[in-house]
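Peer 1: Structure provided below as structure tokens; questions to follow.
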Amino acid sequence: MSFAADIVTLFPELFPGPLGASVIGRGAAQGLWSLRLTQLRDFATDRHRSVDDTPAGGGAGMVLRPDVLAAAIDAVSPPGDPRPRLLMSPRGRPLTQARARELAAGPGAVIVCGRFEGVDERVIEARQLEEISIGDYVLAGGEVAAMALLEAVVRLIPGVLGGEESHADESFENGVLEYPQYTRPQLFEGREIPAVLTSGDHGKVEKWRRAESEKLTRARRPDLLK
Ligand code: SAH
């Protein structure tokens, strides 16, 4: 069974973009995950193929119509589809490594990319869309957010990063940020690799890394330690 991602968007030509490169793209070529794109405009019903309209109550911008969006969602995700339906949204719950891990363990995801001022609230309710944010800032559309989410999820699918690599030490996996990493050359612009890392003493290396992780987390992300 492989992870099946469906994306509903007004800009399918933006994909796969970064999702076609490196290990993520290779994972798709190996059949570990798949990406299907759906053009929202194909589900418009009027002569002008309109997908948006002015906001009820007035105000700037345009809102994606619920009927057009619902038709697109129903076409890619018929009743009984076990995959979660996600809406990329700055109002959503912030994406976490834990949620990425849950999604990676599941059958896939249906991802709706918003545009303009957003989406009619009724389709969010009626299709039970889970709003997910990639951070406290506002993008012009959900496409880059969907790519960020999928990239975080797909690299966790077994086989995508290759057998020997482990996620155990990574940032957020233990509730802390990752320790500093070094590689050759031994001397770079007068800076040495910390001696403990070349000592061959695995216990000491372990202890140093744990201490550095904690120090970094305390300085940069004290919220993670709470
Ligand atoms: N008026 C909305 C923002 C609309 S931005 C508000 O204030 O909440 C247009 C679209 O970009 C959104 O529908 C969403 O799909 C996407 N988007 C913008 N910022 C995002 C973020 N931080 N995370 C996820 N998606 C985002």
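Cβ atoms are placed via backbone N, Cα and C, with glycine included.
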Peer 1: Per TrEMBL, which one of Gly114, Gly159 shares the S-adenosyl-L-methionine site with Ile134, Gly135, Asp136, Tyr137, Val138, Leu139?
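Peer 2: The one candidate that TrEMBL places in that S-adenosyl-L-methionine site: Gly114.
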Peer 1: Under a criterion of Cβ-Cβ distance under 8 Å and sequence separation of at least 6, what residues of the same chain contact Gly114 (S-adenosyl-L-methionine binding site)?
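Peer 2: Set apart from Gly114 (S-adenosyl-L-methionine binding site) by at least 6 residues yet with Cβ under 8 Å, we have Leu64, Leu87, Met88, Ser89, Gly141, Gly142.
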Peer 1: Checking proximity to ligand 1 here: which binding-site residues out of Ile134, Asp136, Leu139 have their Cβ closer than 6 Å to it?
Peer 2: Ile134, Leu139
Peer 1: By the count of other Cβ atoms within 10 Å, pick out the sparsest of the binding-site residues Ile134, Val138.
Peer 2: Val138
Peer 1: Can you give me the same-chain residues 6 or more apart in sequence from Asp136 (S-adenosyl-L-methionine binding site) with a CB-CB distance under 8 Å?
Peer 2: Pro90, Pro94
Peer 1: Cβ distance under 8 Å to Tyr137 (S-adenosyl-L-methionine binding site), same chain, sequence separation 6 or more: which residues?
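Peer 2: The list for Tyr137 (S-adenosyl-L-methionine binding site) reads Pro90, given in order along the sequence.
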Peer 1: What average pLDDT is reported by the model for the domain 'tRNA methyltransferase TRMD/TRM10-type' (6-226)?
Peer 2: 96
